[in-house]
């Protein structure tokens, strides 16, 4: 066989089939060409080209359908965190058990649940890596959003710690650095600081207007998901009341709110609220609270620099007739909002000593004033403070009701008020329920006298109150008390000077003031008290005190009745005219124990 035409020298690396070459037959090729030309250009295939008019069809509907599917797919990816798949939920426990790399506990990430902001950011970054297509399910209703937030909070072991951490992350300052803690939810306070978690913007805006009727000052700043309130209410409210109000206005649960009163004496806290109100993102309504202005305004800081003046405090206690330490401390502390000296008193470290010194000085001034005044001046001064109208006839009718000659009683009462020797002690005796104590107590009350109790007779100081009064009373004198009076108080009833033992002081020389006694014993018939008969003026009350059908006393022994009695019988009692003693139409200058101010009136 002859060699075929073509390349026979194969290159290294080629397979053997490249050696073979096709063989051509000239005879067969010539026959095929002749046959081809004889048949011509006719073909057996019919209707290969369609020359009819085209129809539009539903291409537009198809385009709209494709765009709608694409839009739904985009929305689906945006809302994928709200969509749950039953299949994924069933597979999730198994998938969680499968782990390629070892798991490490994160110490910095304290909370798994979040408001949605950070999780959404992380999901947006991992969007390209997501390969699992979650089938679409029903979207959670909007009304169930708040319930889901509460459920997320309930999953936390410490809800308050979570809210405090989110607050500090949002505002850059700790919530407890701005507030002081109230352990009881029933303690009332005017000012409250509140932080609320995950509030809808519409409800937050509406609360600005709804809180105006409740608050004098509103401070609101929102940094999602937290918002911060400073509410200064018109009246004091407890934490329970504040939470009830905010839950109704903001449609949130109490677990989403932390409420505490602000720090009133912290300069840093006051500056936080003051500087924050200048932020355009902060809503502020009303005037600044006093505790903010005090620590931020220059004029208030200058006022606080004022030193405490004890004489001003003594003058206040004297003018308001406060002599007890507790009353002085309580009433003067309440003036701190308006009085600079009272504010300086609260800032002083020795408040107890100042109150004690003030009470001592007031008693000294009162005692000196009383010693200088006569009985007429004393009665006139005490009657000036009695308000209202009464009738002197109630006193007269009651004395006559007890079968007492009123002229004789008036004469003895005149000697009693003038502290006449051997006539300065008046005894009212009789059976029980005759009005003895009611009659004498009403007189002691209107003249601001002192009541002595024989129950303290074992103490050597039980008679000390007589040194600070113009009239005294010993109620319900028994045989034991009569024996004591007969043994130790004869000189006192004579009207002479006696030595009275005073607590924490040296014994003083005084004369006993007019002394009234009530008793169920008639000493005029007791032989063993014969030495007291000449020293005591006795009047019997034999009849029981009458009451009407409504159980009201028929004789009104009130301050107004005694005021009318003294004014009506002033001359008969031989009380001196106040014009003779210098009281001409209240023109006398009142007592002043403070130094006159440089800008004071002349």
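Heads up, the Cβ atoms here are built off N, Cα and C, so glycines get one too.
Copied over from Swiss-Prot, here are the features:
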| type | residues | note |
| --- | --- | --- |
| MOD_RES | 85 | phosphoserine |
| MOTIF | 91-100 | motif 'Nuclear export signal' |
| MOD_RES | 92 | phosphoserine |
| REGION | 142-305 | region 'DNA-binding region' |
| DOMAIN | 404-554 | domain 'SF3 helicase' |
| BINDING | 430, 431, 432, 433, 434, 435, 436, 437 | ATP binding site |
Over the domain 'SF3 helicase' (404-554), what is the model's mean pLDDT?
93
If we count other C-beta atoms within 10 Å, could you say which of the binding-site residues 434, 437 has the fewest?
437
If you count Cβ atoms within 10 Å of the Cβ of residue 435 (ATP binding site), leaving out that atom itself, what do you get?
22
Fewest other C-beta atoms within 10 angstroms of its own C-beta: which of the binding-site residues 430, 431, 432 fits that?
432
For residue 433 (ATP binding site), write down the residues of its own chain that are at least 6 apart in sequence and whose Cβ falls under 8 Å from its Cβ; none is a fine answer.
544, 545
What is the number of other Cβ atoms found within 10 Å of the Cβ of residue 436 (ATP binding site)?
26
Conformational class of residue 434 (ATP binding site) under the three-state DSSP mapping
coil
Around the ATP site formed by 430, 431, 432, 433, 434, 435, 436, 437, list the extra residues of the same chain whose Cβ is within 8 Å of the site's Cβ centroid.
520, 541, 544, 545
